[in-house]
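Asks: Shown below is the structure under consideration.
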Amino acid sequence: MHAVQRQIAEQLKVQPPFADQNALQAEVARRVSFIKECLQNARLKTLVLGISGGVDSLTAGLLAQRAVKELRASTGDNSYRFIAVRLPYVVQADEHEAQASVDFIEPDERHTINIGSSVKALAAEVKAFDGLPASSVDFVLGNTKARMRMVAQYTVAGAYQGLVIGTDHAAEAVMGFFTKFGDGACDLAPLSGLVKNQVRAIARHFGAPESLVEKVPTADLEDLSPGKPDEASHGVTYAEIDAFLHGEPVREEAFKIICETYAKTQHKRELPYAP
């Protein structure tokens, strides 16, 4: 393992590869316990998570639903619940997969909040967009969509006195592939430290359909590049990112891209700067 790989892995608290099925099951149990502890320590009984249709929110949702089921069983308190929230922007191209994901999770409640009108209303009021290239406006509004989705989730959590779950994991964190104060905002991040193939392995452990487990990851935030794969944005594959984080050799160009991207996105992984 290169020294830089070791340093980054330590900073992101990357978990080692699952040695076998027992190790995977133990990790699932540990993360479910973590969710339960967070909820009980906050003296709250509701978990809220936006479900996009991707494997990350699918896996986080499965962990959350198991956590509240176990809390109901162990405490006899049936008020513990998990709320899955669909947050489409107008019409989502892969809505069928998103609904299939929610169906498989079987949350206690499901809500749908369309963020389209809110994002468009805000965009209409921003004079700074005047004269900007369409691509620049599209990029900014992509981040606005992510932030509006988090506003919606925290609004639901506030109404039901709950905690918001995030889906960030090590393979996204190392690339800074999240919107600051958007999908990067949450109260607890149960996938933290996992690489992408471990997230998929946990989804499989729950019996999730391969069509959802292996669905091409996409943030799908930009109107001019609908459904753009994450890997096209990264310039490297998730397999290469996973290998890098686990200290395995990767091609020279991938190593360079990951290290440079990690350095320039450091501000996204830190608290606001202060004097």
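Residue numbering: from 1, along the chain as shown.
Cβ atoms are placed via backbone N, Cα and C, with glycine included.
Swiss-Prot lists these features:
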- G50, I51, S52, G53, G54, V55, D56, S57, T167, K196, T218: ATP binding site (BINDING)
- D56, E172: Mg(2+) binding site (BINDING)
- R147, K180, D187, H267, K268: deamido-NAD(+) binding site (BINDING)
Asks: What's the number of neighbouring CB atoms sitting within 10 A of the CB on S52 (ATP binding site)?
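Replies: Summing over all protein chains shown, S52 (ATP binding site) has 25 other Cβ atoms within 10 Å.
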Asks: Taking only the residues the record lists as binding deamido-NAD(+), namely R147, K180, D187, H267, K268, what is the largest Cα to Cα distance between any two of them, in Å to the nearest whole number?
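Replies: Comparing all Cα pairs, the maximum is 19 Å.
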Asks: Between R147 (deamido-NAD(+) binding site) and G50 (ATP binding site), what C-alpha distance do you get in Å?
Replies: 12
Asks: Validating a neighbour-count step here. Other CB atoms within 10 A of the CB of K268 (deamido-NAD(+) binding site): how many?
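Replies: Excluding its own Cβ, K268 (deamido-NAD(+) binding site) sees 15 Cβ atoms within 10 Å.
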Asks: In this structure, which of the binding-site residues T167, T218 has the fewest other Cβ atoms within 10 Å of its Cβ?
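Replies: Taking T167, T218 as the binding-site residues, the minimal 10 Å Cβ count falls on T218.
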Asks: Identify, among the binding-site residues G50, G54, the residue whose Cβ has the fewest other Cβ atoms within 10 Å in this structure.
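Replies: Result for the binding-site residues G50, G54: minimum number of other Cβ atoms within 10 Å at G54.
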